[in-house]
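Asker: Sharing the features that TrEMBL gives for it:
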- 21-89: domain 'Inositol-tetrakisphosphate 1-kinase N-terminal' (DOMAIN)
- K30, K71, H156, K188, N285, G289: 1D-myo-inositol 1,3,4-trisphosphate binding site (BINDING)
- R95, K145, 177-188, S203: ATP binding site (BINDING)
- 111-305: domain 'Inositol 1,3,4-trisphosphate 5/6-kinase ATP-grasp' (DOMAIN)
- D268, D283: Mg(2+) 1 binding site (BINDING)
- D283, N285: Mg(2+) 2 binding site (BINDING)
Amino acid sequence: MRLNGEIYDGEDREEGEQKLVVGYALTLKKRKSFLQPNFERLARNKGISFVAIDQNRPLSDQGPFDIILHKDYRQTQPQVIVLDPPDAIQHLYNRQSMLQNVVDLNLSDFHGKVGVPRQMVITEDPLSIPDEVTKAGLKLPLVAKPLVVDGSTKSHELFLVYDQFSLSELEPPLVLQEFVNHGGVLFKIYIVGDAIKVVRRHSLPNVSKCELAKVAGIIPFPRVSSASASADDADLDPGVAELPPQPLLERLAKELRHRLGLRLFNIDMIREHGTRDVFYVIDINYFPGYGKIPDYEDIFTDFLLSCVQSQYKKRPGN
């Protein structure tokens with residue numbers, strides 16, 4: 001299993017004994033949020049160490065590694081586990097293609113309904129956007145999102161458009177998505193292999209017809225990924241705060257793992273206000289901020305160990 005080193009056999013180890021080496025190629029921001037002191041301490045106690053990969057040197061000259069953990073790393077070696085395939089990750093860097101896998105699912109009668117808000121892609125000529133929206137029959141307000149998700153701050157700048165005339169002020173390429181009233185709560189569903197962790201985040205409040213008639217222009221959409229935006233301890237209406245059914249989440253996660261070919265991602269989901277079982281997926285993100293979820297240290301270290309143990313069991317003679 002290990003590149004340029006001994007094979008990890010998945011057997012028990014003494015506390016603190018290093019058996020599993022994880023090479024990582026992460027941005028500085030992602031490294032700080034993910035490799036937190038408590039996480040690295042727990043990992044060491046489970047026999048896992050993390051080593052930074054120098055992307056300016058051949059991978060074969062580094063290591064030895066059992067697993068390569070990356071956000072977008074194109075160089076691979078057949079001897080190690082690469083999380084996840086670079087080509088599969090690229091699929092999530094386009095907001096049009098990322099949700100197509102949800103559109104293709106048939107979960108209409110599986111403890112709830114899961115869909116995607118109506119949306120369209122605009123690639124050029126902002127002056128034509130109002131007419132294009134009218135032709136497509138999209139209803140205001142609309143959420144405007146950059147088409148490409150490249151990790152930059154700009155790619156996460158979202159806007160809520162209240163009137164038809166303001167649409168021409170937007171900057172293509174972008175995705176326009178109908179805003180679905182959801183009681184101001186977003187469910188962030190974190191996938192770590194087979195594990196599923198759900199947290200609530202505050203989101204935009206409902207937009208009434210009266211408000212839509214009075215408000216005009218484009219309003220920045222606040223980010224809801226930070227821990228400070230957590231709604232888990234807020235005093236919320238039970239009909240809004242109730243988590244999506246676990247069987248539905250398990251089926252959705254299983255299908256998307258298979259279709260996307262990924263093991264580390266999160267799903268942003270909302271419940272249509274006034275319903276109990278109508279949900280919409282509005283975004284899918286690769287290698288999200290796992291450090292913001294409770295108990296991520298145990299979840300992720302167990303996942304790393306299971307990856308190597310599963311690979312070991314597939315070897316001839318085991």
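Note that Cβ sites are derived from N, Cα and C of the backbone, with glycine treated the same way.
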Asker: Do any residues at least six apart in sequence from D283 (Mg(2+) 1 binding site), in the same chain, have a Cβ closer than 8 Å to its Cβ, and if so which, in order?
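Answerer: Non-local contacts for D283 (Mg(2+) 1 binding site): R95, M98, L99, I267, D268.
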Asker: DSSP on the domain 'Inositol-tetrakisphosphate 1-kinase N-terminal' (21-89): how many residues come out helix, how many strand, how many coil?
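Answerer: Residue counts for the domain 'Inositol-tetrakisphosphate 1-kinase N-terminal' (21-89) by secondary structure: 23 helix, 17 strand, 29 coil.
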Asker: Please work out which residue of Q177, S203, N285 has the most C-beta neighbours within 10 angstroms of its C-beta, and give that one of the binding-site residues.
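Answerer: Answer by Cβ density within 10 Å: Q177.
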Asker: Check the binding-site residues K71, R95 for other C-beta atoms within 10 angstroms of each C-beta and report the one with the most.
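Answerer: The most densely surrounded of these binding-site residues is R95.
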Asker: Which whole-number mean pLDDT does the model give the domain 'Inositol 1,3,4-trisphosphate 5/6-kinase ATP-grasp' (111-305)?
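Answerer: 89, rounded to a whole number.
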Asker: Other Cβ atoms within 10 Å is the metric here; tell me which of the binding-site residues K30, H156, K188 scores highest.
Answerer: K188
Asker: If you measure from the Cα of K188 (1D-myo-inositol 1,3,4-trisphosphate binding site), which of the binding-site residues F179, N181, S203 is the nearest?
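Answerer: Comparing Cα positions, the closest of these binding-site residues turns out to be S203.
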